Amino acid sequence: IGMVVECKDGYLMGPDGCKLDCLMRKGTFCAETCSLRKGKDGYCYAWLACYCYNMPDSVKVWERATNRCGKGK
């Protein structure tokens, strides 16, 4: 019996609804943070934001359509 687990890629979101920044963080910050959120791997995209691979669908990622960054809560 096989089981299919949905996974997604995307930018991690901070509590403010913005992409999780990585500019002034150690080089392994994104990979470690993605791993903590059950993602397979991640990296700091253009030294600006953490991008993760193979995360569970339950993890919220930044999406242009639902962007609330800088718009209050």
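Placed from the backbone N, Cα and C atoms, the Cβ positions cover glycine too.
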Subject >> Cysteine of Cys30, Cys34, Cys69 paired with Cys52 via disulfide, per Swiss-Prot >> reply: Cys34
**OP:** In Swiss-Prot, Cys22 sits in a disulfide bond; tell me which of Cys44, Cys69 is on the other end.
**Re:** Cys44
Subject >> Candidates Cys7, Cys18 - disulfide partner of Cys69 as recorded in Swiss-Prot >> reply: Cys18
Original post:
Closest of the disulfide-bonded residues to Cys44 (disulfide bond), Cα to Cα, picking from Cys34, Cys50, Cys52, Cys69?
Top reply: Cys50
Subject >> Cα-nearest neighbour of Cys52 (disulfide bond) within the listed recorded positions, Cys22, Cys69, Lys71 >> reply: Cys22
Subject >> Of the disulfide-bonded residues listed as Cys18, Cys22, Cys30, Cys34, Cys50, the one whose CA lies nearest the CA of Lys71 (lysine amide) >> reply: Cys18
